[in-house]
Amino acid sequence: MRVLFILFLFYFYTYTEAQQYYPIDPTGKCEQYIGDSVITPCNSIYVSSTANQSTAMLSLNLYFSLLGGSSASCQNAYTFATLCSTYLPECEIFIDNSTNKEIAMPKRVCLDTCNSVSKNCQITSYFDCNQLEPISKLPLFPKESSDYNLTTYGGELNYRLDCYDPPKSNETTVIGYCPFPLVFRNRTIVGKGSDSLDNSENYGYTYVSEDSYCTIPCPAPIFSEKQWDNIFDTSDAISLVSLLCSVYLFITYMVINPKRNKYDYFFSFFVLSIILMSIAGTIGFSVGGTRKLLCPEINRRGVYTDPAVAAAGWIFQFAIINAILWFSINSFELWFQIKFIKRKLHLIKFYILAVLVISIALSVPLSAIGEFNAGLGNFVVWIESGKYQNWFFWGPLGIVLTVGTTFIGLVIWEIYKIVSSTNKSDFFKLQLKPLMNMLLIYLTFVYLFGYNFYIHNSLNGFYGSSEEFKNCIISTDGKDCRIQGPPYSSILMFVFCLRIYGVYCIALYGFSPKTRSIWSNSIVFNNSMANKLKTLYISSGTTKGGTSSTDIKMSTNNNSNMDSGGGKSSSMEPDEIILR
């Protein structure tokens, strides 16, 4: 008997020592819910002496912002009841019969409930359900219950308060909030992908997941707003300047040029392509600028159903295919004229037909299937699908670059052979401008080609930064949070290469002797009104060194006759491929 008694005492002592009780805060109390957050109102909230509902809501709203960007399956009554009960726990009251004092105790959320919600909402990396309370070092989320010792208050030694497990409910509860810079947009979700009732992707809304209510802003937070404005403004400015320059050159070589040769036609058709590319770049002015064209709403990118977007995309694709084809034709013709000096090609009608057919074939189908859309992280309306980009642009561009590279190399080789054998340095100077034009355009096309492959090869790295972006927006105000993307300088260079062609051409041809000759002999400066103004200007002038105004007029007329008579015609200017 003595041995059994000793064993009983040992067991009792061990059990009572091992039993751990949650502490009771004598100043803790039950309060009515103040209702400042976006949760279902509660009748009674437990508040300890070291906290209040307002401070608890700061933490609560942090997780609401996190859940706002989560899937719809996470946004249900079960999830929100669990989250609310974690920071604003339900209050349980025990009355001390000897003093009639109310003892408040929190009803903690069950561990399995916490684990289920954090796993379903994919926030296990942000919230630890196994954490301990700071003072008692007991689980914040008990497995079954919280045990209290209420003997001091006239109660039981092992007062058991079951943990809280809200009723299971799959009813969706949309909180209408997303962490900045994400933008909330309500929608009815039936399933995934094409099962969504509003088919939002076709309207330009991009959600962070298939069943989320948070949309990515437009433009995407790859750069700061100031940097995006700079990109858009740069694109607008260069496009406008390029448009004016190319229109001037087209008028010069195609409209007022009285003696057009086939090289003038080649150059004019290339310039016409640049005009169309520039129009595509300036079409945003019709809707308030490039930003408004690409992003009609703060969370919507422009798509093919927007008339201005569809027009800009089609014109750009048609024009840039035209441009690279005429570039290839020019390089071939330049090589052929140098290689076979006395032989002439008369293929201009064939060239025009071939360029039109190819350009239409590579642009119209894309418009029919709605591929011309604005990108969230781009400054141009273009082909959206990488597959169609490769088929309808990068593939043809690769072929053209190969052809262009071959003929440019052959041109340089032929010039080298001629200069080396004949010592005609003036021949090299003669071909310098067309060669420079080919090289500049070639280099910009090469950059576009290489940049595309850089972007595609870096996509995994860009997408891999989404976790860092998510951590940033839930822990800060989101203003400085960025999704990793291409360097800012590379985007500016891409803008430059796409929009600069008109400036290239006018720098090489806009003020050449041939251009000046075309304008001086054109109807613009040779009509009755212009002649009267010239006569008036000359007759009103004073002479220097005894020369009369009549002498000046006669000298001018003689020079004019020499330019239009037996001298070289405007078609024999140094811009042509002619041996001297």
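Heads up, the Cβ atoms here are built off N, Cα and C, so glycines get one too.
Membrane sidedness, as given by the topological domains in Swiss-Prot, is identical for N261 and Q337. From N149, N558, the position flagged in Swiss-Prot as N-linked glycosylation site is N149. The transmembrane segment (265-285) is not in contact with the transmembrane segment (392-412), judged by fewer than 3 CB-CB distances under 8 Å for residue pairs 6 or more apart in sequence. Here the transmembrane segment (491-511) does not touch the transmembrane segment (350-370). Their Cβ atoms form fewer than 3 pairs under 8 Å, with each pair 6 or more residues apart. A Cβ distance under 8 Å defines the sequence-distant neighbours of the transmembrane segment (237-257), meaning residues of its chain 6+ beyond its ends; these are 264-265, 267-268, 271-272, 274-275, 277-279, 281-282, 495-496, 499-503, 505-506, 509-510, 515, 518-519, 522-524, 570.
Sorting the domain 'FZ' (25-154) by DSSP state (H, G, I as helix; E, B as strand; all else coil) yields 40 helix, 29 strand, 61 coil. Same-chain residues lying 6 or more positions outside the topological domain 'Extracellular' (371-391) and placing a CB less than 8 Å from one of its CB atoms are 204, 206, 216, 218-220, 222, 231-232, 235, 280-281, 290, 293-295, 301-304, 309-310, 312-314, 316-317, 452, 456, 485, 491, 494-495, 498.
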